[in-house]
Ligand SMILES: Cc1ncc(COP(=O)(O)OP(=O)(O)O)c(N)n1
Ligand SMILES: Cc1nc(C(=O)O)sc1CCOP(=O)(O)O
């Protein structure tokens, strides 16, 4: 049995009131380790309103609530942490904004160097991807599975795998040492609904 957990990233352009019951059902079908709120190109007020509505749904279930891109808003709104990538800010700046209590995740794409530097700058996890073509985000990067093998053999810091991950293709990532599998479409676009998506992902992780 591998020690790998599910990490949910929210679907794009969500209405938080309509989405909250879906999130609750998905988390109740868990285990799920973390939820990342990922809202792109919206005003701060919209992000803060979504946090107010969705953060309790996660935290009441002991699921970490992580905010994408905005460590400043994460800190002032009770989130458990923030996730940043290359276009947002460097890891050290994000750590300064978060303080030392909140969790910091850093996108490292397929770069060993970025991951080492993120670790040194105070990241609590690094994320590699995309491992497979993603319908949720355009990217030409194809991270090789060996990156996970290398990282997990060398480092204690947890590693997240992301990008096009499904119940059908995740086994090699689990076996290579991913601590978390981050998914959008495998759960939120599952034909039988998000709870079925969570159950299918966890069954595949257990079977790996
Ligand atoms: C867990 C996790 N890994 C990677 C990403 C991608 O972050 P980033 O490169 O900053 O791109 P956007 O998500 O901001 O489009 C992520 N969000 N979460
Ligand atoms: C948000 C995100 N970041 C990626 C990266 O490669 O850094 S891939 C991705 C989208 C993940 O959604 P899905 O599970 O539907 O492919």
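In case you wondered, yes, glycine gets a Cβ from its N, Cα and C as well.
Pulled from TrEMBL:
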- 36, 37, 38, 39, 40, 68, 107, 137: 4-amino-2-methyl-5-(diphosphooxymethyl)pyrimidine binding site (BINDING)
- 69, 88: Mg(2+) binding site (BINDING)
- 6-187: domain 'Thiamine phosphate synthase/TenI' (DOMAIN)
Conformational class of residue 68 (4-amino-2-methyl-5-(diphosphooxymethyl)pyrimidine binding site) under the three-state DSSP mapping: strand
Work out how many Å separate residue 137 (4-amino-2-methyl-5-(diphosphooxymethyl)pyrimidine binding site) and residue 69 (Mg(2+) binding site) at their Cα atoms, rounded off. 15
Sequence gap of 6 or more, Cβ distance under 8 Å: name the residues on the same chain that satisfy this around residue 39 (4-amino-2-methyl-5-(diphosphooxymethyl)pyrimidine binding site), in order along the sequence. 10, 12, 13, 14, 46, 47, 50, 68
DSSP three-state assignment for residue 107 (4-amino-2-methyl-5-(diphosphooxymethyl)pyrimidine binding site): strand
Which residue, of the binding-site residues 38, 40, 137, has its CB surrounded by the fewest other CB atoms within 10 A? 40
Around the Cβ of residue 37 (4-amino-2-methyl-5-(diphosphooxymethyl)pyrimidine binding site), other Cβ atoms within 10 Å, all chains included, total 27
List those of the binding-site residues 36, 37, 107, 137 whose Cβ lies under 6 Å from any atom of ligand 2, in sequence order, or write none if there are none. 107, 137
Min neighbour Cβ count (10 Å) across binding-site residues 69, 88 flags 88
For the domain 'Thiamine phosphate synthase/TenI' (6-187), mean pLDDT (0 to 100): 96
Rounded to a whole number of Å, the separation of the Cα atoms of residue 107 (4-amino-2-methyl-5-(diphosphooxymethyl)pyrimidine binding site) and residue 69 (Mg(2+) binding site) comes to 10
Under 6 Å from ligand 1 by C-beta, which of these binding-site residues make it: 39, 68, 107? Sequence order, please. 68, 107
Let me make sure I understand the span of the 4-amino-2-methyl-5-(diphosphooxymethyl)pyrimidine site: among 36, 37, 38, 39, 40, 68, 107, 137, what is the greatest distance between any two Cα atoms, in Å? 16
On a simple 10 Å Cβ count over all chains shown, which one of the binding-site residues 36, 68, 107 is most densely packed? 36
